[in-house]
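One structure is given here, and the rest of the page talks about it.
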């Protein structure tokens, strides 16, 4: 399956509306890669090996156009059909890493989905990231919220880091004990690894 690259920019979406408005949050420690992730989702072509971002101060609102899926005829009998789409335009509020301890302040309205970003190239950060994630999973107001755990910066990490990150986060254990649905995606803004899986998660 391939996706059309015809339009990703949200800056020129004045004539569109966000369908089935939902509350999406993107959280994670400082320098986890949240801004680069959301920028890449807005416009994949704008991010390459020269791209970088600075830690966000405060919050940012990203409007993301979900690109359509184009199915190659040769894939029809090989790959499963993509999940049905409920929306093609979403808004995600990024909470800067410096505000991460104050995440409860953003639960005034029900939160439908949470994107939680962890830098897999920085194993020293993962223990602290796990503490924040566990506190969110234990929050009564997020018991019905869907979570996406994004293992970011995979282009800087060796493959074993994914397993080490999941082991340090104890995800296998926690997935058996928590009510929330957690999807785990490996992501690289540079290589675009995992971008289709994230689009599907946002759109369904």
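In case you wondered, yes, glycine gets a Cβ from its N, Cα and C as well.
What TrEMBL records for 28, 29, 30, 31, 32, 33, 34, 35 is GTP binding site. Marked as Mg(2+) binding site by TrEMBL: 35, 56.
Sequence-distant neighbours of residue 33 (GTP binding site) (same chain, 6+ residues apart, CB-CB distance under 8 A): 117, 119, 150, 152, 153, 187, 189.
Separating the Cα atoms of residue 28 (GTP binding site) and residue 56 (Mg(2+) binding site) is a whole-number distance of 11 Å.
Measuring Cα to Cα from residue 56 (Mg(2+) binding site), the binding-site residues that fall within 10 Å are 35, out of 29, 32, 35. Sequence-distant neighbours of residue 34 (GTP binding site): residues of the same chain at least 6 apart with a C-beta under 8 Å from its C-beta are 26, 27, 28, 56, 94, 96, 97, 115, 117. The Cβ of residue 32 (GTP binding site) has 25 other Cβ atoms within 10 Å, all protein chains considered. Taking each of the binding-site residues 31, 35, 56 in turn and counting other Cβ atoms within 10 Å of its Cβ gives the largest count for 35. Scoring each of the binding-site residues (28, 29) by how many neighbouring Cβ atoms lie within 10 Å, the top position goes to 28.
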